[in-house]
Amino acid sequence: MTLDTMIIILFSYLFLSSSLIYTQNLNQELLEPWIDLKYPGIVLFLIGISGDFYHHFLLSKLRTKGSKDYKVPKRGLFELVICPHYLVEILGFLGISLISQTLYSFSTTLGTALYLMARSYAAKRWYISKFEDFPKEVNALIPCVF
């Protein structure tokens, strides 16, 4: 990943986090939701964040020091989908949405999911174009669906 892309993503997450916290602060005076989804949200968030860490760890181990060649990831959920780190990131955002239960957090999750779906589809097309033996039946983001 190039430095300029990393900076854009970093600031996007910083902005999203700050605005989610600010929105939550603005909603303090509103009535509590009918159904408390805080605990399922915490579980989803923890699954998402730990899965994201695990799959990024696997990606970091693919290249040896100084190597520039690309390799197809094989472990974790990479057997089922091209971008499992995107899938679990969406789960983390969904967990945040369930915890906060605001329209803004659900909108953020939807926007993030759509963006990562497009990125995973592009990644699948790239893998298929670069690796002749890449299995075409592996889905982009959601096992057995997309």
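Backbone N, Cα and C atoms are what each Cβ position is placed from, and that goes for glycine too.
The structure displayed is predicted, hence computed values, not measured ones.
Each residue in the domain '3-oxo-5-alpha-steroid 4-dehydrogenase C-terminal' (20-146) gets a DSSP state, and the totals come to 82 helix, 2 strand, 43 coil. Taken from TrEMBL, the feature domain '3-oxo-5-alpha-steroid 4-dehydrogenase C-terminal' covers 20-146.
According to TrEMBL, the transmembrane segment annotation covers 39-57 (among others). Tertiary neighbourhood of the transmembrane segment (39-57): same-chain residues 73, 76-78, 84-85, 87-100, selected by CB-CB distance under 8 Å and a gap of 6+ residues from either end.
Here TrEMBL flags 77-96 (among others) as transmembrane segment.
Long-range contacts of the transmembrane segment (102-122) within its own chain (CB-CB distance under 8 A, at least 6 residues past either end) are made by residues 16, 19-20, 23-24, 27, 81-83, 86, 89-90, 93-94, 96, 140-141, 146. Residues annotated as transmembrane segment in TrEMBL: 102-122 (among others).
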Taken over the domain '3-oxo-5-alpha-steroid 4-dehydrogenase C-terminal' (20-146), the model's mean pLDDT: 89
